Amino acid sequence: MSGIQQRQSLELRNQDQTNLLSTLDSGRRNNRSSWSHDKSNNNCNSNTTSQRRRQQRVAQHRQESWFRHSMPPAVNRDFESLEHLTRETTNGLDEQLAASFAGNGGSGGSVTLCGSRGGGTHTSIHLNSANSNLGFIDSDTPNTPNTPITPPSTSAATSVCGGLQRQESKPCHGDGRPDGGNTRRKSCNRKGSKGSILSRQSGHSRVSTLAARGLRMTASFLRRKRTEYEDDEDFTSSAGFGADDSERRIIALNSAQPVKYCNNRISTAKYNVISFLPSFLFEQFRRYSNCFFLLIALLQQIPDVSPTGRYTTLVPLIFILSVSAIKEIIEDIKRHRADNEINHRLIDRLEVSTWKTVRWSELTVGDIVKVSNDTFFPADLVLLSSSEPQAMCFIETANLDGETNLKIRQGVPATAKLLETKDLQQLEGTIECELPNRLLYEFTGVLKEYGKPVVALGSDQVLQRGAMLRNTSWIFGIVVYTGHETKLMKNSTSAPLKRSTVDKLTNTQILMLFMILISLCITSGLCSLFWTNKHFMTDWYLALGDHKSKSLGYNLLTFFILYNNLIPISLQVTLELVRFLQAIFINYDIEMYHEESDTPAMARTSNLNEELGMVKYIFSDKTGTLTRNVMVFKKCSIATQIYEPERTPSESLLVQNIISRHENAEDIEEFLTLLAVCHTVIPEKKEDGTIIYHAASPDERALVDGARYFGYIFDTRTPEYVEINALGERKRYEVLNVLEFTSTRKRMSLIVRTPEGNIKLFCKGADSVIYERLAARDQAYRETTLQHLEEFASEGLRTLCLAVTEIPPEVYDEWQQTYHKASTSLQYRERKVEDAANLIENNLRLLGATAIEDRLQDGVPDTIASLLDAGIYIWVLTGDKQETAINIGYSCKLISHSMDVIILNEESLDATRDVIHRHSDEFKHSTAKDVNVALVIDGKTLKYALSCDLRGDFQELCLICRVVICCRVSPIQKAEVVEMVTQSTKAVTLAIGDGANDVAMIQKASVGIGISGVEGLQASCASDYSIAQFRFLKRLLLVHGAWNYARISKLILYSFYKNVCLYVIELWFAVYSGWSGQILFERWTIGLYNVVFTALPPFAIGLFEKFCTADTMLRYPLLYKPSQTAQLFNVKVFWIWICNALLHSVFLFWLPIVAYKSENIWGDGKTSDYLMLGNIVYTYVVVTVCLKAGLITSSWTWLTHAAIWGSIALWFSFVLVYSHFWPTFNFATNFAGMDIQLFSTPVFWLGLPLVPITTLLIDVICKLIHNTVFKTLTEAVRETEIQRNDPEQVMSESRSSFTETARLLRNVFTRRANTRVETELELSHGYAFSQEEGGAVPQSLVIRAYDTNLPKPEGN
């Protein structure tokens, strides 16, 4: 009959799964030899099997993809089990199926493929006879229309179980149910159907041919699938590795490993013994100055070329490199010590039936370890068993991905019963897994125990290094990846060699000075050549006719060495020493010492001290950095009244209202019962009677603790019920159903049977989802509770609404059937379960709301406010949930309630492109650099946004916004975001975090800050600076950063200034020396100028200079602006100083020349040589540059006085001593008696005050004009400090003008933004609830697995 429809599907029917697996195992063992024989007959030897398989798989993939593409999802799922078919099932399948159809005479029907065993149980796969068009349909809904196939009117089915069996075909209703025979048959045809191939064929023979062809394709497909899964028992297509051993890792269990694997020692240090010298030299000679001085030192070794001696440059260069090397070694030793602290942690390892405590660094792949509660995993482990039921364990991954909620991992059933040491010793076999990679959330492998079936291993069985075991007494695990091969370390990068912005700018200016030096050398060489050609005939006594005097190259080398000191050789060693001492100041700052943890601040590198004063962007982690990851129950709203916990329950007003039977006592009791019952917390009773709550969600633990504060104590959980102690009365609630929390549902419900026998639904969730499910008659507390929610949110608290409803038994019974059907659905199960939950979660009665504090680190809101006032942009990059991150943004005042929020949650590249372009267009015509908008983006959307074609637009949108929060991001994405901003803006970026997931971004940022907190030392070890609390970042940047920037800037500028002042005088003297290269000064005074006579003023400036006190800097963050915008050191300022030095050198040379013109500077008419002039000029230079240091000094200390006046006194002392070296020492013959000559002439003493004062007069005038007419905010505040006045008035005037401008601009964008941004989250009420979604074990099954009345295994 054409009206009869055959249901076409591929169904795997299994009456007993256990017997089926046994059948399959037996079949595989029985056919091993025959299968090997088949392979040998097909010439598939062991050397070519793997290669041929790879070649064939390409062709097979096309047909398989087409075949499976034609099937619905349900059938595709069924094919996952087809690997269980035995060889007998498919041997000769084509022929049997063809014979079946031929025997039926072309009649329509179905064929049943059976695999059977002696026990009588069988598995059958029904294949519709009309499947030549591959039109398989499987639907969970009986009345769903089927595939448009019209079989013949007479239908029969054939069973293939080694033979053929006839099965009678039953007519069916339109809904697919079989009919008893008397019921009127309904047509099963779908209206408007195109029909199948068979429906358009004529004749039974053609039907048989096409059907047989389709079945042969089906059988061929099944055979290929079985072959793919069974061939050699070595290849697993889903494991991510090939049959070649080089593409996988094989780990032997309880035996020696086949190969040697990486050890478990980790290192975050820059150097080791072997790499130190090449790495250090590479780092040092990246500086152009060191390359320059090395060249000078080499040129000085050429005989008769250097006018200053052979070692005057080489010795200082070696000294500088030695000092730098010592500093680097000291700093790297600190890193090695921090690494050793981790490597030397202890862990229990199984050795010869006993547990031995070893260091982490001693672990190797294949070791079986025992990890105790609250302990970090030492390597990447595969979970074998645990103290919890069914080998479950809870882990905290905040150190990896920033998520606050605990995650569940579960061992496979094959190892779950290994609860004692003797059991572990009997474990034999291998683990085969993929090679080490950086994919944090993926793992594929198999466990092959000898004599047992192969067991698949996935990410649910992996415990990663960096995670911590929580709420679990112990676990047994086997090490699969160690050291730098762990997924954590694979996501880290090697310690970078960072350079500060000031260093880079200095390097560039040195290059410019080098070009000027070359120009001076060429000019002087040409002048020397012209002068020699002009005078070598007349001035014959100078011996100018030799080859060297007329050689331009020789002259160029001479002047190159003579002028080399224009670039200060002492600058690098001065910078290294000053930075090292600045780092010590940071280390010993008592204001950044955390007494609770006994943790001071630590500068792990000193090369970036000034970079702390130039930070423009801060990228912060959330968990453990901004927050403590500690949830505390603060208050609750019940029946329009707010209650807070007291020291004891009896002191609480809430408990007193219950005892006194207040009019709302029933609602209060219902509220507390809901808190104590509706959750997934596991209680653990200690020997002393105390109860510890283990929860995957910190929010749930806080809520149960809140109930305990009011005398409702949850203490017992079994698979069937929970028990609470309600103010001394024990109550038992039978758990009927758990409707889990998801980010889509935003609520969790529990259906229980009360002690009175009533069925109730307890529900807690976001206010939006609870309010829309309230019964119309039960809204008494609606408005008041809403006001309380607003109040809680204004305090930065996380809120949840609580509601209850009573369910009639008959309603529950009917719903339970619907829910069971939805939970066992093969298609769209998640959606159907959610729809079923919606059916019962209605007609709720509102009880009240809770307020939980996600405790921030101390001082976080104040620190963020100060940093924002300083003009620093703060981005939060976290792996936590979006709602949680936004809520923290509000509580720490990063996001204000007046700020608009853009949320980007897109599922595709095109959607991401559209939304980014739309928002960018809205700000395209903005005249302000940033607007009062916060951008929130999740990890999936960020992946699209960082793609090549969107990167620029996304970056532009981010830089416009005032705040950016990236949620659910991986460590690599964090690093990509930091790198994007650093490269595009060329600004100084700072990344701060406390977990191993923050290492990548810490190393990518210009400056990395690690918080040495509860998450371990991984971030601290990889950082440039470490602090104990986020609040210390304020002092580190606003005080130390700004001070160090000003100090280093002045030090560098002053160092170039004093060198140009002295050594350009050699150029002026060349005019009088016939461009001969003759030096004006004694050669060792030239070398000691930077090392001794002018060395102390730069140190004083670099260590003690400060323009405002620390309290003022912290009080007024705007004072950070000059350093942030590089106002003190830039190209313009640098060349102003160089020109100033050139001008001073002119005065310092020609004024003494004028005084020395007559050469008669003594009363007795005696004269002296050029060296006398040189010492007079040298003295005036030393005095002038020392006074210049005093002129630029803002903060005078006794050390500053000692450095300036002491340097001048040191020169005079040197003259007195050095003048008498000869003849006692065969040294300094030309300096003998110089003290008498110098100090006996009145010309010298007259010029001593006049020349320096005249030289510095222009500087004094310019400084006076600048401080009067062009006074900066910093200088104004400094003046008020000197006058001991309050700087508030000066700052208020500055802020008023700044704030007014910002307000006008903000109004423009706020009007536009208010019509633009609509948030779907409960931002105004601070909703957040963190719990793992899609974990290894659903929460509803977790709580069913626990019975707290039973003891836990000891694991011995």
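Even glycines carry a Cβ here, placed using N, Cα and C.
Predicted automatically and left uncurated, TrEMBL annotations should be read as such.
Since the structure is predicted, the reported quantities are computational estimates derived from the model, not experimental observations.
Marked as region 'Disordered' by TrEMBL: 22-72 (among others).
Annotated compositional bias 'Low complexity' per TrEMBL: 41-50 (among others), in sequence order.
According to TrEMBL, the feature region 'Disordered' maps to 136-208 (among others).
The compositional bias 'Low complexity' annotation in TrEMBL covers 137-159 (among others).
The domain 'P-type ATPase N-terminal' annotation in TrEMBL covers 258-314. For the domain 'P-type ATPase N-terminal' (258-314), the number of residues in each DSSP class (helix H, G, I; strand E, B; coil) is 22 helix, 0 strand, 35 coil.
The transmembrane segment annotation in TrEMBL covers 510-532 (among others). Away from its own ends, the transmembrane segment (510-532) comes close to residues 287-289, 292, 544, 549-550, 552, 555-556, 559-560, 563-564, 566-567, 1056, 1067, 1070, 1074-1077, 1138 of its chain (Cβ-Cβ under 8 Å, at least six residues beyond either end).
The transmembrane segment annotation in TrEMBL covers 552-571 (among others).
For ASP621 (active site, 4-aspartylphosphate intermediate), the number of other Cβ atoms no farther than 10 Å from its own Cβ, over all displayed protein chains, is 29. The active site, 4-aspartylphosphate intermediate annotation in TrEMBL covers ASP621.
The domain 'P-type ATPase C-terminal' annotation in TrEMBL covers 1021-1271.
Below 8 angstroms of C-beta separation, residues 308-309, 312, 315-316, 565, 568-570, 574-575, 577-578, 581-582, 585, 1043, 1046-1048, 1050-1051, 1054-1055, 1058-1059, 1062, 1119, 1178, 1182, 1185-1186, 1189, 1192-1195, 1197, 1199-1200, 1202-1204, 1206-1207, 1210-1211, 1214, 1274-1275, 1277-1278, 1281 of the same chain, each at least six residues beyond the ends of the transmembrane segment (1087-1108), sit close to that stretch. Under the heading transmembrane segment, TrEMBL lists 1087-1108 (among others).
Residues annotated as transmembrane segment in TrEMBL: 1129-1150 (among others).
Residues or ranges marked as transmembrane segment in TrEMBL: 1170-1191 (among others).
The annotation transmembrane segment is assigned in TrEMBL to 1203-1222 (among others).
Among the features that TrEMBL reports, transmembrane segment is placed at 1242-1262 (among others).
Mean pLDDT for the domain 'P-type ATPase C-terminal' (1021-1271) in this predicted model: 90.
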